[in-house]
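As annotated by Swiss-Prot, disulfide bond applies to Cys3-Cys21, Cys14-Cys38, Cys42-Cys53, Cys54-Cys59.
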Amino acid sequence: LKCNKLKPLAYKTCPAGKNLCYKMFMMSNKTVPVKRGCIDVCPKNSLLVKYVCCNTDRCN
């Protein structure tokens, strides 16, 4: 997961209060993200799901 610190037009910015980017993967297939977006607190990994978070609000 690449975190973007600059402001290129291609990257969206997270809404106020949700300034972490994240990707969610299934543990059975860690190469294809199931969901991505913005969140306020990085979720904990579970047996089925792995989360990868960034501490920036530039989503890619």
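Note that Cβ sites are derived from N, Cα and C of the backbone, with glycine treated the same way.
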Surrounding CB atoms that lie within 10 Å of the CB of Cys54 (disulfide bond), all protein chains: 21
Long-range Cβ environment of Cys42 (disulfide bond), under 8 Å and at least 6 residues apart: Leu20, Tyr22, Tyr51, Cys53
Where Cys14 (disulfide bond) sits in the secondary structure, as DSSP reduces it to three classes: coil
Sequence-distant neighbours of Cys59 (disulfide bond) in its chain (C-beta under 8 A, six or more apart): Asn4, Tyr11, Lys12, Thr13, Cys14, Cys21, Arg36, Gly37, Cys38
Residue among the disulfide-bonded residues Cys3, Cys14, Cys21, Cys53 whose Cβ has the most other Cβ atoms within 10 Å: Cys21
Alpha-carbon distance [Cys3 (disulfide bond); Cys54 (disulfide bond)] in Å: 6
